[in-house]
Amino acid sequence: MAPVAATTGTYDVALNRRKALMGDSGPMALIQNFRVFGIACFACIGGLLYGYNQGVFSGVLTMNNFMDHMGDYDSKLAADQTRKGWLTSILELGAWVGTLLSGFLAEQYSRKISIIIATGVFIIGVVVQTTAVAGGHSSILGGRFVTGMGVGSLSMIVPMYNADGTNYIGGTGNTQSEAAWLVPICLQLAPALALFCGMIFMPYSPRWLMHHDREVEARKVLATLRGLPQDHELVELEFLEIKAQSTFEKRTVADKFPHLQHPSAWNTFKLQFVAIGSLFKSMAMFRRVIVATVTMFFQQWTGINAILYYAPTIFQNLGLSGNTISLLATGVVGIVMLLATIPTLFYIDKLGRKPILTIGAIGMGTCHIIIAVIVAKDQSSWAKHTAAGWAAVAMVWLFVVHFGYSWGPCAWILVAEVWPMSNRPYGIALGASSNWMNNFIVGQVTPDMLSGITYGTYIIFGLFCFMGAAFIWFFVPETKRLTLEEMDILFGTDTTARADFERMEAVNREIGLNGALGGEGGTAFSEKEKVSEDGKYE
């Protein structure tokens, strides 16, 4: 146990030392690290692109003029619901492809260049979609697939929805203007161009520079970001931590995949898939694969993206009339989602992953069943049962609340923390792949479900929610505040985490990180900087 304890101690000391050197936290830290804050803002635009695209297309799908340009894909015809599903879900199929390529792009060409490439792909996809006035459904299908590839590489998803206000250009019926749907589609170019142009002036990632043996540049970028001289203690500490992680990753590849250790483009591309394949070779890792992929399966089959994609259609089916009411109801979904996510940030480490995910799934399943009962009873006479329609809408909002505090953020946290350090990038990629593929399937089948089995749609999603609750409660271990070595014990006899720690400790000693912290014991503090048991300075 000594190597693990020593390494953990090193990280604790390094973390506390950095906190002391960095000073203020919270809002004041943004002022002191304004360059870092600016870069983070540009990165967040990647989430905005997907959130805007997701929200705007749900409104565009219900516009008369848009469907008039879709030919055989006109969703006003009941027989064409499957094709309507393709108009929506093909973006997720493209995003799935994008996630498979994003690891290679980021590692080979840097995070900066890969963001520029992904944003460029996104812009091309949007431009292709705007040609749908002449190209019809072919332009939408091709453009959304390409856009999805860009989105997949920028898939830090932000629960955001932008209400559409262009529906009335030219009226809402046969006189509706093409601008009603072209304007919201083209507006996607604004944040995309901002991200594309802004990233040109952003620095390369210090970690990527280090990993490609450009240490001088890495140190210079760190110093610039912190606004400190290159020989400052904080810069030196962060430089050594990044170097330790980079060296660790290189040695891990050399140990596990010696035939791919040479950092050529082809080896880097193959490594992403070979490393993911290795996760299926031991039972301990395979259990982690099951947790990651099945958790993401159930996240999508809660029906959340069916709600987000087809909200206007769903609310119309629930008896709401008029575009204003439909848009208002849809906008509330996005607001509720955002607000419901916030409490999780404060309570997830206190309550644990399993209780939050289980309660959230049961809550979502119950909402689905109540909606199914209301729809089954009143779907043929909504005009006489306005209150029932609004009750169903309220259940949709409550469903979004349950998703927002549980499966929205917690599923991603769970998928990220079950993996050892050496396998984490590939494990998370596998979970993301499951998420996008199931996202695609749900988007594809939902129109047919709403058209063909009506209230049965909510019963199916409700049953999947209850199954997800059972899966989490009975088959997924609680991961709250567990060390990576304890994860090994939970998932089997695999000793990957111990080997990772031993390798990292050897790296720490070799590059001088332990020495920078005051020796093997990691006591790099003066008498005035002793740390109490709770990690605070005395």
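Heads up, the Cβ atoms here are built off N, Cα and C, so glycines get one too.
Taken from TrEMBL, the feature transmembrane segment applies to 34-53 (among others).
Per TrEMBL, the feature domain 'Major facilitator superfamily (MFS) profile' maps to 39-480.
Annotation comment: TrEMBL describes 86-106 (among others) as transmembrane segment.
The transmembrane segment feature in TrEMBL is assigned to 112-134 (among others).
The annotation transmembrane segment is assigned in TrEMBL to 141-161 (among others).
As annotated by TrEMBL, transmembrane segment applies to 181-204 (among others).
According to TrEMBL, the transmembrane segment annotation covers 289-312 (among others).
The annotation transmembrane segment is assigned in TrEMBL to 324-348 (among others).
Look at TrEMBL and you will find 355-376 (among others) tagged as transmembrane segment. Tertiary proximity for the transmembrane segment (355-376) is limited to same-chain residues at least six positions away from its ends with a CB under 8 Å from its CB atoms, namely 298, 302-303, 317-318, 344, 347-348, 388-389, 391-392, 395-396, 398-399, 401-403, 405-407, 410-411, 414, 454-459, 461-466, 468-469, 472-473, 476.
Through the fold, the transmembrane segment (388-414) approaches residues 159, 291, 295-296, 298-299, 302-304, 307, 311, 314-315, 318-320, 329, 332-333, 336-341, 343-345, 348, 353, 356-357, 359-361, 363-364, 367-368, 370-371, 374-375, 377-378, 382, 431, 468, 476, 479 of its own chain, all at least 6 residues removed from its boundaries and within a Cβ separation under 8 Å. According to TrEMBL, the transmembrane segment annotation covers 388-414 (among others).
Marked as transmembrane segment by TrEMBL: 455-476 (among others).
Summarising the annotation, TrEMBL assigns region 'Disordered' to 519-538.
Residues or ranges marked as compositional bias 'Basic and acidic residues' in TrEMBL: 526-538.
Summed and averaged per residue, pLDDT over the domain 'Major facilitator superfamily (MFS) profile' (39-480) gives 78.
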